[in-house]
Structure formats: structure tokens, C-alpha cells
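A.B. asks: Dropping a structure here in C-alpha cells format, bear with me for questions.
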């Protein structure tokens, strides 16, 4: 055993049978819910029940599922580090939840629900009705690749945590988490995923509350605040207009708005949840409850970053080589402050595992819906529901196995939080922009939308891939604030002080990064754009390019689209457009209700409905 690992090994020894028991109970409960709905309720399980919960879900479990599937293990590990390393500006991300919730209720959710699509793959069906099949299948392929990659990232997060607090082999823990997810998602279906998510949301909130209560009790808020002031971390109103600045009001509130909107308005998993409820009133109630749960959870998550600063003000665990990755800081903190209380550290490990289980199970359920509706039913429209149900289960299993394989790529990506957010911006941003284009602008046409989303995807892809490559080559500006190892010898006995990185609070790279990167090339400056802006760039890119190409096609007399069905448009914006340009809208929008249960006759024939 190396001297530098003595303290880490001591903390790992605190993870005893009580913690393993708590952790095991959570896995057993998650598996048990899958068994209940997959075996005990098997006779009642149709395809609609398996993929949509028979559209009779209540608001509370849906709201908790929305929250827990978004607050992944990546968020629980990465968000505290944003506060610890870059300051308090990140706390203002909670403000973005307010406009996001309002827009979600009144712009997106009412359109998704009122169409009452009969297909379980709501995303694609809407896009085909509003635009054409080319747009549908483009988004379908993008979503399949994204979900497989994203699920691998969110499983790698808790595996790091387990490795830090228990010494558990990372590969083994990844395999266990995927096995549990695949089991209850493929056996129990949508209702099992939803009920398990609700249980896991409660455990996640409980685990973060325990960290906050114990952390602030030990360190004292006044003491932490003084340390924040000393290291120049207190900042809430930074209006810097340089897009490279990691945290500003613009990147946090504006970027946070689009980041959360993309997840809640532009993904199959969540649109599926809105359509699983019986009426629009229940949908709106669920979104409001989600706002409250999301605010409580994210407040606890980001505040834990302040506790890290207070606890490790004089000895940063990563610089002292007590942990292998900065993503392991929160698990290290948990064992340090909760390790002496039997079972509590097990609650945290259970909570962070729940965050991963929830996200992955939702992803697998969505992949099953996408692949069965877009490809299986496409090539075999007369397939029975019973056969399609079994195919959906097989798709869940195969998708889980493929995602498991991508974990080994995720291990080499560095800090997973910025990577996950960047990839999400590259994929979800253009997709949500496409929905925005279709819902708000009746004069957007099919090929304009297709070219618009491709252009936005290419641009955000350039930013994401370019940023990743530049980051690996150490070309991006380091904007982190000061950390210290000047008192590790007093705090952590047994460390080989010759091998640690010697730093203190007298200097931080974040103080003068602009001067150091003043002569960067235009390309490096472009890819140095704050990763928090990628989601907004993706959304606005699809809208801007979509409108530009739609206008170009219209002026070139190449537009062959039929009038837009009014159900595909937001009623408030449609009223606005009728007031602004009544004659043009009369020619563009078909007022007659031509949808049968939310699906046009042409789409019904295509999918054998």
C-alpha cells in the first residue's frame, strides 16, 4: 500500500456491512418493481401498457420520474465541482427553472398532449405529421446514437463513486448497474420505470440532504463564507459578454434555461411521460411538482460544492492524489463526513446509483419505443401487439448491452460532466430547435427544417468535437479558482508530501486567463466557448437556419408542403400570427381537425394503426 493512499484506504474501510445492506436493498427494490409489473401484472400488460402505462399515470410519480431521470449521477458528481472550482455564480442556475417551467407548460406540453398521438414514439410521429418522414428518420437516428452514448456516461459516474468509497472494481459495478437496469426496464416496462424512478428520487433527495445537513453543521456557514471571500469565489452578477467565460449570468441563466428545456421538451423519454397522463391538467400539475422537486434537489447538489471548499480548504484531495479523478471528490467527502455513521454513506451510494438507474432505464425504454415504432413497425406494419411487446423487450436488452460497451470509451473522456453537457448540446439542442420551429412558426417547411437541423447539428458538432480535442491538448483556458495543499501534512497523516502537487490560495488560473489566451487563434477562441452555451446555440441554430432555408425554398418555388395541421402549432403563437398576417396564415394552416386520435390518416396507414 502506498503511503499516499493510506487515508483513502482508511475511508474505504468504513464502508461496512451496514452500507452494503442499504445499497443492496435499493437494488433489490428496483429489481422487485420490475418483477412485479413484468410477472405479477404480466396478464394485464399490452404494448400500450408496456410503453405508455396505459396513459393513466398520476402527476406525482411522473413528476418525480422527470426529476430523477434528469438529475443523473453525472449531475450529482459534476455540479458540486463547478461551484468548488469556479465559484458561486453557478448557484444561479436555479433561476433558469422558472422560465423553463413556464415555457414548458404553455408552449410545448400542451401541443404534445393535445395531439394524443397513438404511437408510443411521440417524437417521431409529431415530426412526420408536422414536416415529413425524412425529418423523422434523421432525428430518430440521432436520438438512438445519443441515448446509447449518454447511458454509458451516466453509468460510469456512480461506478467512480463506488470505486472511491468501497474499492469496488469499476468494470464490475458498471456491469451490475446495467444488469439491474436492463432487467427491470425490459421486464416491467414503462410503469416499472416510472415507479422505480419515484422511489429513487426520494432516495436521491434524502442522500443529498444528509450531506448538506452534516457538512454545514461541521464546517459552519460563516466559516465557509469567509473562505469563499478569501478565494474570490463569491460572484452572482457577472455580466461578462465574452462567450469563453465559463460562468456568467448569460451562460448560467440563459444556457441553463436551454439546457433544461432541451431535456424536458425535446427528448422522447419525457414527451412519453407527458402523454402517459390522462389529461392536460395532470400534465401541468406534474410539471409544477417537478419544478419544486428539481429546485430542492439542485439546491442540495450545488450547495455541497460549498461544503467541499470548507472541508478541503487547505488540502485539495485531487491535488494531494488522494483520488484519481476530480469526479470522485463528492464520494470522498461523503466517506470523510458520514463514514462514522453506520448506513449513511450507503444511502449516498444508493442515491447516486439511483440517479444512474433512473436515467438509464428511461433511456432503454425510449430506445425500445424508437426502434420498434420507426423500424420494426415500418418494415412489418401488420405485426401484432403481442409480438411487438416481445420485440420491445429484446430491443431494451440489446440497447443496454451496446451502451455497456460505450462505457469503456467514456473512461477516457476526462471529467464527465462538461463532456456530457457538451454532447447533450450537440444532439438535444438542434432537436429541441426543430420542435420549436414546428410548434411556433407555421411558415417553416419540411426541407427548410431538415436543412436547418443538419446545419445546426454540424455547427454544434464542430464546437463539441473541437472543444474536446482542444481540451485534450491543453489549449482551452483554465479558469479554475485556487485550491491548496499547504496543510495536507497536518490534516492527512501518511501522505508522501514529495509526490503531491504543491499549490496554495495565492494564485488561481482563473484570475488572468484572458491575458494568457489573448493571442489564441480565432478557431481556438471559437471552441473555447463555454460548454453551458452549447444547448442554446443548438436550439437557436435550428430555428435560425430552419427559417432561412424555409424562406429560400419558398422564394425558389420549391415548397411542396401541404397546409400545416393546426394541432401541430401552439395555440397562443397561432393566434399571434393570425393577428400579424391573417391572409398568409389562412393559406398556411389547415383549420379542420384532420387528425384521428392525434394521428393523420396517412401516418396511420404508414404504421399500420
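Quick reminder: no glycine exception, Cβ is built from N, Cα and C everywhere.
The transmembrane segment annotation in TrEMBL covers 20-40, 60-78, 90-113, 134-156, 168-187, 194-213, 247-265, 286-309, 347-371, 391-410, 416-441, 531-553 (among others).
Quick one: how deep are these features, and who are their neighbours?
C.D. replies: Remote same-chain partners of the transmembrane segment (90-113), defined as residues 6 or more beyond its termini with a Cβ less than 8 Å from a stretch Cβ, comprise 79, 82-83, 122, 126, 236, 247, 249, 252-254, 256-257, 259-261, 264-265, 271, 274-275, 277, 280, 283-284, 287-288, 290-291, 294-295, 298-299, 302-303, 305, 435, 439-440, 567-573.
Proximity of distant same-chain residues to the transmembrane segment (247-265), defined by a Cβ-Cβ separation under 8 Å and at least 6 residues beyond the stretch ends, is recorded for 66, 70, 82, 86-87, 89-90, 92-93, 95-97, 99-100, 103-104, 107-109, 235, 237-241, 271, 287, 290, 421, 424-425, 428-429, 431-432, 435, 530, 532-536, 538-539.
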A.B. asks: Are the transmembrane segment (286-309) and the transmembrane segment (194-213) close enough to be called in contact, which here means at least 3 C-beta pairs under 8 A that are separated by 6 or more residues?
C.D. replies: yes
